[in-house]
Amino acid sequence: DLKSGQKMVKICCIGAGYVGGPTMAVIALKCPSIEVAVVDISVSRITAWNSDQLPIYEPGLDEVVKQCRGKNLFFSTDVEKHVFEADIIFVSVNTPTKTRGLGAGKAADLTYWESAARMIADVSKSNKIVVEKSTVPVKTAEAIEKILTHNSKGINYQILSNPEFLAEGTAIQDLFNPDRVLIGGRETPEGQKAIQALKNVYAHWVPEDRIICTNLWSAELSKLAANAFLAQRISSVNAMSALCEATGADVAQVSHAVGKDTRIGPKFLNSSVGFGGSCFQKDILNLVYICECNGLAEVANYWKQVIKVNDYQKSRFVNRVVSSMFNTVSGKKIAILGFAFKKDTGDTRETPAIDVCKGLMGDKAQLSIYDPQVTEDQIQRDLSMNKFDWDHPIHLQPMSPSSVKQVSVVWDAYEATKDAHGLCILTEWDEFKTLDYQKIYDNMQKPAFVFDGRNIVNMKKLREIGFIVYSIGKPLDPWLKDMPAVA
């Protein structure tokens with residue numbers, strides 16, 4: 001690069017969250033000739049990125065950051081300096097679901113996006129490529145483009161869409177070896193040039209045939225479509241799980257048989273208490289809103305149903321717990337094992353555990369919660385927060401959450417289950433498979449119940465110990481048949 005007299009390419013990423021942090025760390029590792037700066041206005045978050053205790057837990061992230069930090073990877077709160085210097089600016093700020101006004105409960109709130117765009121326009125003195133990295137509604141690029149061009153002072157901006165397809169828990173692997181990298185841009189000579197510039201970054205380590213170039217709208221919509229299809233698979237298998245319980249079928253056997261069809265495939269067919277994570281619900285609500293805005297009510301209703309089945313699955317689980325315990329959990333201690341939305345991440349955004357815990361608390365249960373990666377502060381915050389609040393930047397969230405009296409957070413599974421009437425497994429952490437369930441049984445109130453929301457325990461062994469076991473989509477214990485859940 002440098003021999004031809006070109007200056008070193010500089011990349012700046014606005015937003016040091018789950019997307020910006022890991023993505024930029026891997027770009028820095030794979031492109032030693034590029035200087036990468038990750039900027040954020042949250043001082044505590046940047047301080048954490050510069051410390052030994054990174055602000056997010058993701059297997060393999062630590063090594064990558066420590067290899068590059070201070071060499072060609074920098075974390076800074078000096079947003080304007082790095083934006084000014086950058087050739088390519090990634091924007092990965094929060095895009096929460098609106099809670100009021102037009103499109104409340106569905107549309108994305110672009111406040112943070114818009115202020116980022118205006119700031120870019122304010123400080124730029126040279127041409128920039130601006131890359132959408134956060135999940136945004138279709139046509140955001142157009143809005144951003146308008147803000148930039150109307151404030152351009154003669155500077156040329158090219159907007160690209162480069163949506164994120166990371167799965168948490170495997171983000172670093174996904175970045176090292178992506179199924180595809182999607183880059184959408186304008187079909188003009190300048191637009192194509194910008195696409196090529198971003199393609200050159202990824203081409204350092206991603207095979208050419210996996211970098212897909214499309215128009216802007218296709219790239220923006222592909223992200224929403226991919227998440228909608230994935231969430232739909234989970235809702236489909238969860239809808240079947242209810243039928244399995246009613247008929248004595250085993251959902252694991254059904255999904256194994258279904259997944260053997262090569263057109264369907266085996267992945268993402270595990271039944272559970274429901275899907276979570278920061279994207280699925282938000283992206284589908286967004287898709288629904290876009291369809292409604294374009295007069296496509298039937299399409300909107302089709303995707304709405306995916307969310308409805310997910311909500312149904314969570315409330316069905318709570319109803320099972322309450323109905324099996326003589327129809328009341330008031331004053332009873334219930335152990336919650338796992339709070340993150342899936343294993344190998346500390347992320348709790350939209351985790352089904354929130355709705356399950358709130359449902360049990362609504363019937364006055366005493367909860368004792370254990371998760372190996374989630375802090376007490378986070379759990380208390382999640383249980384006292386309003387819907388969709390999680391997606392606003394940390395410094396705009398309630399500072400010290402009012403702690404919920406019915407909840408105690410403990411540091412191992414044995415403490416959580418001691419004297420409990422029932423235990424609910426809500427995250428599939430590997431350690432929950434190997435617990436000493438005999439010891440747990442001996443220390444619980446009888447009858448002792450296990451509600452396995454992730455289908456990870458050995459039901460046969462647990463029943464031999466003496467537990468009454470409910471596993472999603474599995475043939476029911478006689479006990480549970482006698483105490484039907486009223487949905």
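Cβ coordinates are placed from backbone N, Cα and C, and glycine is handled just like the others.
Heads up, TrEMBL stuff is auto-annotated, nobody curated it.
According to TrEMBL, the NAD(+) binding site annotation covers 15-20, ASP40, ARG45, 93-97, 134-135, GLU168, 279-282, ARG349. The Cβ of ASP40 (NAD(+) binding site) has 25 neighbouring Cβ atoms from other residues within 10 Å, across all protein chains displayed.
Annotation source TrEMBL lists active site, nucleophile at CYS279. CYS279 (active site, nucleophile) has a Cβ environment of 25 other Cβ atoms inside 10 Å.
Per TrEMBL, domain 'UDP-glucose/GDP-mannose dehydrogenase C-terminal' is recorded for 335-459.
Averaged across the domain 'UDP-glucose/GDP-mannose dehydrogenase C-terminal' (335-459), the predicted model reaches a pLDDT of 91. Looking only at other Cβ atoms within 10 Å, the busiest spot among the binding-site residues GLY15, TYR18, THR97, GLU168, GLN281 turns out to be GLY15.
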